[in-house]
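Chemist: Swiss-Prot feature annotations, pasted as is:
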BINDING   80-83, 111-113, 116, 136-137, 158, 176-179, 187  NAD(+) binding site
BINDING   127, 143, 149, 159, 191-194, 258, 272-276, 279, 295, 364  7-phospho-2-dehydro-3-deoxy-D-arabino-heptonate binding site
ACT_SITE  268  active site, proton acceptor
ACT_SITE  283  active site, proton acceptor
REGION    405-863  region 'EPSP synthase'
ACT_SITE  845  active site, for EPSP synthase activity
REGION    1072-1284  region '3-dehydroquinase'
ACT_SITE  1189  active site, proton acceptor
ACT_SITE  1218  active site, schiff-base intermediate with substrate
């Protein structure tokens, strides 16, 4: 173990900061010698108090305590939630009660919260007492404990009330860091890196050097069990002794910087605000992401953004930004809010641009409304001595990923520009490989600092190829190559992002590695696009040369696995080089290390031959000379040997990147010079100026080492008929945008510029040729693809360039940079402020080769830019497809049709598509001829194609049962699900499946038992799916239709078409505690009457297997007609049955609930935060209820525990909060209501248990848990039925008595009173429903509309139209139907007219097996008011055509005219018309009286319709609106003669009535008892 001494740091003229390791004795001695007092008060929080070292410190203090002194201890609850005025007051009350006086010394032992709050206590207690800081977190050690800032938080914001109060001493004992959790340790490193970054370049470099070892040690922290006074506890332990010197030094150096700055500016009037580097933007992020994101994590992101701002303003070099970003990442800190792990950690919270700017506007550094930010000049030095005012425009650009480019109109006022592009990516990557394989140190200057080279450097280190260090403040990389002798396999994959060059070069390097221990291979992988790019020809050549390489996913692309035991033999190697010259360069550079000399023979002329020449010339610089064969074309001889590194190697600027500023000059008529690229360049793209721009009318001056271009007047570039860009393929994109602006009336080529020799550009970061054609068309520029090139039609004048909605960049740096130029030529000549800018998406992709391109375009070339925030996609605008997976016979075909109909999607069966796409017969035929393996490969290719084409186009894609058999297809499924696509696993009972498959001759036979196939695939189905749905065996038509109805609602809910919302009105859910729901279905149907949801207590189930739980959930949906489910697992500590510490099973079950698409999921707030994080991140459409139960009665409603839990729930972004306490007296109900009234940020379910807590259940507003008389017992003490709640609520005035009426004449036989009164009685509502017979609407107005107790009116004939004149507003249905059957009184005295007849029709049909969206024709018999309601209902059910027949057609013609044209109503007059119809009719409604026989002509028409064949996916169904008798003549004819399903008008009556019931009362009517009451005579 390293040893460190004690260091004292001076601040404000005193050596009061003491830094060391294990300072217990020193602290005690110093405090008692220097701070003499009668009372010492040690304040810490509960987390710190349980650390053994805290007890050891207190013991040392007790031991050294002077004889006449005493020591008191006070422990507060941990966390920012308790950093309040209330907690401060409690500490002060304690000190007053203990008789503390002005000589008291307070010791704050803890993190920043304790230091801030206890310091504020010391500042105000007895008008100020002495205090000592003992910081226990890294953040507190280097930041909050230094400088004397003290404060508490308020509801208005953090640290709003406090003071400056300097501590007597700050004892920084780094031993505390041993028990600091890993994330907190890393969190503190942000402040450490910040101080080095702004003040101490040498320390910054030291931090860079030690990052790897630091993270290795901190990541190795482990949980240990320790005994404390409070009992055994678990703590994080990090063995910092391994890095003690480094940790001590980083703490000390950071403190020195802050102490120096504070001493110069104690009250933060100038210099001290430099310490806020990263904080202006970081604090804004923190305000939105707290508490999931820690302070240091947000400051880390803020530092990167503020460094990028400094670069954007031409103050900081790109190299310095890259260093800062790299070191932050190296210490485990986030550098962007979009990093995957950080987004997951922060629950995907959004950080809207305008909110960030608003948060920044309240920064204390600001100058009024002007935002001020600390800018960086270089690592170790700030720009100026205080923060600088920056514009919102510049901030917007830095904070967003979309660039807005304004016309380049104003740039011509500037003089010539000298631009030095970053180092060449091609040369940088080659130099790194050669230097790493070479022997000795090589200083590489002007290296490109980009994503590509970053991945290459990391890979070189990971393979132990070289030792890497930096000089010249990070501008020079020093590669100490090991000569190829130390290359060893890696146990971690080499992740290469989308770095194609690195992947190809490293594939050959990997063939040279040696195994070591368990490490016997190298895996190369990358991002999704990288895994599509080709590497096949290179791999094939390596394989033929003895290297064992496996593809781990798609054949021909990464990831690949290179086995270390195989050898790169050498000898003659044949290579196909028409796709990429990088294959050739890769083998060339590694060839000297083969076992024998290499002869590399290329199969024909290689693409981009100049890049091969570049490689050969560079190899010679490093000591290996390649000889070209004199006898064979494109053949090279490479001797064995070892590279000898030159002392220095200077990378040329990237010639491809240089084309952008040169093209800028060409387009704008300005002058640009590139000072380090000329005609002697290694790079083919150096010819761009002479070969492309000069013939187009530019003035070009090129020397051996520099290139200058001056453009003609804007709009006068001349077209170039043809250019072969094979030597400079990457520059073709720049040529395209210049060509788009070229025009000449004398041109022989008709302004069509042909570019060839660029076929390889189709397999770069994207298909660049197609990308250019597609994006140019958005500007109004015509372009066509050629087999090896592109043709671009230049516009006749710049004013013809159009403004595109947005430019897609395809995550391709060259696409983005090219179109940033053309964008500036749109509306050229107009003032930028008067024009709509061009939006360029994903602008940060330029970081691959030129991270500072936008900065150069803005600050050096003078372009006007702004930033734009991508708008979140509206779910309604996205038709994200649904993929169905599951075993054969799982119902994918049937359910697929249901799914497509419910969503209005198209259905695509992958097996049918296979036959069409490949033209090789059916799947069964193909398998018989070619075997399963060949089929699986083809299936994967097809599936990838289908997803690419249809994933956002509204398709239901039904796959074969074995789609999960291949890793490639599983990856496609997982990626689709990860981006929000629905992958739905359908399954049935496996025994039923086996039984069915044994009798199905249409499918290719399995070569193994079905159960074995299921056992193998089951885990894959779970892994790949985002949702699961269990389909039970249906033995009757009714069961089948019930399942269809349930599935339709399920699929619409999980896709967001039927959103699930937390109720905003009084609502309840019934609690089910059965061990098995299946035997209790009838009881459950009755138990849910009047409820908005049903809770299944999963902890009570007899079996926790996924299969059992999913079967229970489907059964519950079927029993309750898809009532929303509350999925609850209650642990024992929270009053349930589930084991408290079985977190793995609990999380698995919660995931089952989410994948089952439950509408609500109860998530206990006491569960470990990682479980919270994972569940919240995959909540999909499920609403989360954050719950906390106090069964022990430990906490009153005034206790801070509830405040803490409420803040926790808000921070977790749950959708509703549920708090359950235990009432000890009636007054607890009043305390609860006081709490409820103050906590309104989220919907709150808050109740007390026990008898004396019943009132709280009555007063609770939303989702009150209830029991039912039909259940065996209540789920919790004091639980009430819905009827009891309503009766009690009414008795205390919560529900006022109301009167409802049916009006019209005659109404003597009306069943409405019995319908509604049955519902009121069942639910305990204080309402009555009576008849009010009249044929005068005016009497209704005078007698009823003026009543204060009026709750609603049902209107029947003859008043449905007459009453409308007295109403204030009509619903859309009432307007369209032209009649009102429901009057709704509003609180403001207005009356709304509604029509529920159409709902009665629609819901009656749906209840009898008709889907919500029929997608077929409908038939209406009759022409009265009910016929109009039927027409409206049919339109809402998406009937394609509505046919109408009647005894007299004149009435129908008038009715047809009164409806909108989109209803597509057709009046049928004759039988001949019916015979000519081809469209099937699936639903019908009879609206003619049932007390008289049908007219013969009408009866014939009806029979003609009913006898036509029906091609619907459901039984054709007819409703007779007449409800007496139950079976009318029309229903008898339809069912008995023509096989239609009959639906009685009594159902329509009840359905329209329960719709009224819900509108008037807010409660769901109990359908079954209401229906029974209505239909019984």
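Glycine too: its Cβ is placed from the backbone N, Cα and C atoms.
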Chemist: Specify the nearest of the recorded positions 80, 82, 111, 158, 283 to residue 272 (7-phospho-2-dehydro-3-deoxy-D-arabino-heptonate binding site), where nearness means the distance between Cα atoms.
Modeler: 283
Chemist: Return the average pLDDT for the region 'EPSP synthase' (405-863) as a whole number.
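Modeler: Mean pLDDT for the region 'EPSP synthase' (405-863): 92.
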Chemist: So among the binding-site residues 136, 159, 179, who's got the most Cβ atoms within 10 Å?
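Modeler: Answer by Cβ density within 10 Å: 136.
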Chemist: Out of 80, 136, 177, point to the one nearest residue 1218 (active site, schiff-base intermediate with substrate) in space (Cα versus Cα); all of them are binding-site residues in the record.
Modeler: 80
Chemist: With Cβ-Cβ distance below 8 Å and at least 6 positions apart along the chain, what are the contacts of residue 295 (7-phospho-2-dehydro-3-deoxy-D-arabino-heptonate binding site)? List them in sequence order.
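Modeler: Listed in sequence order: 139, 187, 190, 282, 286.
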Chemist: Under a three-state reading of DSSP, tell me whether residue 111 (NAD(+) binding site) is helix, strand or coil.
Modeler: coil
Chemist: Around the C-beta of residue 193 (7-phospho-2-dehydro-3-deoxy-D-arabino-heptonate binding site), how many further C-beta atoms are within 10 angstroms, looking at every protein chain?
Modeler: 28
Chemist: May I ask which residues of the same chain, at least 6 positions away in sequence, place their Cβ under 8 angstroms from the Cβ of residue 275 (7-phospho-2-dehydro-3-deoxy-D-arabino-heptonate binding site)?
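Modeler: Non-local contacts for residue 275 (7-phospho-2-dehydro-3-deoxy-D-arabino-heptonate binding site): 194, 195, 198, 258, 261.
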Chemist: Drop a 10 Å sphere on every Cβ of the recorded positions 127, 158, 1189, 1218 and tell me which sphere holds the fewest other Cβ atoms.
Modeler: 127
Chemist: To the nearest whole angstrom, state the Cα distance for the pair residue 80 (NAD(+) binding site) and residue 283 (active site, proton acceptor).
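Modeler: So the alpha carbons of residue 80 (NAD(+) binding site) and residue 283 (active site, proton acceptor) sit roughly 15 Å from each other.
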Chemist: Take the C-alpha atoms of residue 136 (NAD(+) binding site) and residue 193 (7-phospho-2-dehydro-3-deoxy-D-arabino-heptonate binding site) and report the distance between them in angstrom, rounded.
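Modeler: Counting only the Cα atoms, the answer is 19 Å.
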Chemist: Roughly how many Å lie between the Cα atoms of residue 127 (7-phospho-2-dehydro-3-deoxy-D-arabino-heptonate binding site) and residue 113 (NAD(+) binding site), rounded to a whole value?
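Modeler: Given the Cα positions, residue 127 (7-phospho-2-dehydro-3-deoxy-D-arabino-heptonate binding site) is 21 Å from residue 113 (NAD(+) binding site).
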Chemist: Could you measure between residue 159 (7-phospho-2-dehydro-3-deoxy-D-arabino-heptonate binding site) and residue 113 (NAD(+) binding site) for me? Cα positions, answer in whole angstrom.
Modeler: 10
Chemist: Given the active-site residues 283, 845, 1189, which one's Cα is the least distant from that of residue 179 (NAD(+) binding site)?
Modeler: 283
Chemist: Using only C-alpha positions, which one of 193, 283, 845, 1189 is spatially nearest residue 158 (NAD(+) binding site)? These are the recorded positions in the record.
Modeler: 283
Chemist: Using a 10 Å radius around its CB, how many other CB atoms surround residue 113 (NAD(+) binding site)?
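Modeler: I count 23 other Cβ atoms within 10 Å of it.
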Chemist: How many Å lie between the Cα of residue 283 (active site, proton acceptor) and the Cα of residue 113 (NAD(+) binding site)?
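Modeler: Between the Cα atoms of residue 283 (active site, proton acceptor) and residue 113 (NAD(+) binding site), the distance comes to 17 Å.
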Chemist: What Cα-Cα separation, expressed in whole Å, is found between residue 111 (NAD(+) binding site) and residue 1189 (active site, proton acceptor)?
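Modeler: Rounded to a whole number, the Cα-Cα distance is 30 Å.
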Chemist: Please identify, among the recorded positions 113, 177, 193, 845, the one with the smallest Cα-Cα distance to residue 1189 (active site, proton acceptor).
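Modeler: Nearest in space to residue 1189 (active site, proton acceptor), counting only the recorded positions, is 113.
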Chemist: Helix, strand or coil: which one is residue 1189 (active site, proton acceptor) in, per DSSP?
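Modeler: Where residue 1189 (active site, proton acceptor) sits, the three-state DSSP reduction gives strand.
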Chemist: Measure from the CA atom of residue 193 (7-phospho-2-dehydro-3-deoxy-D-arabino-heptonate binding site) to the CA atom of residue 113 (NAD(+) binding site) and give the result in Å, rounded to a whole number.
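Modeler: One finds 21 Å between the Cα atoms of these residues.
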